[in-house]
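TrEMBL has this to say about the protein:
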BINDING   HIS180, HIS216, HIS249, HIS285  heme b binding site
DOMAIN    6-134  domain 'DOMON'
DOMAIN    141-341  domain 'Cytochrome b561'
TRANSMEM  178-199  transmembrane segment
TRANSMEM  211-233  transmembrane segment
TRANSMEM  253-271  transmembrane segment
TRANSMEM  283-301  transmembrane segment
TRANSMEM  321-341  transmembrane segment
Amino acid sequence: MNLPTQQASIAWTFYPHNSTLELVFFGTFISPSGWVGWGINPTSSEMTGTRALIAFSDPNSGQIVLLPYILDPNVKLQKSPLLSQPLDIRLLSSTAAMYGGKMATIHNGAPIQIYATIKLESNKTKIHLVWNRGLYVQGYSPTIHPTTSTDLSSIATFDALSGSFAPQQHTDLTMLRVIHGTLNAISWGILLPMGAITARYFRPIQALGPAWFYAHAGIQLFAFILGTVGFTIGIRLGQLSPGVEYSLHRKLGIAVFCLGALQTLALLFRPNVRNKFRKYWKSYHHFVGYSCVVLGFVNVFQGFEVMGASRSYAKLSYCLGLATLIGVSIALEVNSWVVFCRKSKEEKMRREGLIGTSDKGSSGIHT
């Protein structure tokens, strides 16, 4: 029987009189230092709880070694390494072989066969089969497999007696990931910095009046609304992807959202200009705002890594937009310092009597 992913297949013989299953799994390596494995989950069609046999190259002898593992929740969440341990199912025998025997070498695409003889429970012929492959083995501990939608779909249920087969129904989350990434890149990675730029460089322009404030508040509020939608989709993606957790990206996302929420709430507690607590509020507002912008940048790039889009046109487009923002910021910063230095010089000359008090804004020098 061909399995639905990774070009894998199985063949088996079931002996009803003693409930014995002889099964061979056909898989391929994806790395010279990688691993290939399959297993049975006694209770459900998921990775957690699987009793697995995993084959890889012995780090000492270089020969193929086949070891038993139990995939518990700590391993799935990468909280502890995967260590070999005896299985609590009735595994009568197991072995692994490659085409070419002892002369065969592991390489990308190298085929392998993993055999096992298992004693099943009486009248229980439904098998929850789990299989996968990974890039690296650290000592005798296989590391996490790739987390593409195909790799996460490597689960199926079949009946050893009748031969009926049911692959796991896996929801394609690609579009949801794209929407999540797009909304967050635009909100936290573009609009939020634009709002900060508006406040920093347009506030000193007296001709604008309070327009800079309304523009700043409007941009930031719109960015937060978009970011909230993107954050909610991210939470939903986590719920739809059991066993997949991007710890750093998740923690940064929560931090950015909380900082954005604090900034939004700060509008409700904005003291009057003459209030003695105004300076403390401004310090808090600036610190939280700039922290949110910086963490937003970091997490957008972390998101590209998570999606496997580190070399994509989407990342290139974002980098071009970000470079434009940085260029505009540098130009406005230089201009603000030029204006500040010019006003400071004029003020100094005014104090020294070199410029008349009635000639504000002019450069005439009295003799």
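Note: Cβ is positioned from N, Cα and C throughout, glycine not excepted.
Annotated features taken from TrEMBL, shown on the structure.
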residue	record	Cβ contacts under 8 Å, 6 or more apart
HIS180	heme b binding site	GLY230, ILE233, GLY234, LEU237
HIS216	heme b binding site	GLY195, THR198, ALA199, PHE202, ARG203
HIS249	heme b binding site	ASN299, GLN302, GLY303, VAL306
HIS285	heme b binding site	GLN263, ALA266
Worksheet item: Per-residue pLDDT averaged over the domain 'DOMON' (6-134) comes to what?
Response: 87
Practice prompt. Run through the domain 'DOMON' (6-134) and tell me, per DSSP, how many residues are helix, strand and coil.
Written response: 7 helix, 64 strand, 58 coil
Worksheet entry | For heme b, whose listed binding residues are HIS180, HIS216, HIS249, HIS285, the greatest C-alpha pairwise distance in Å | 27
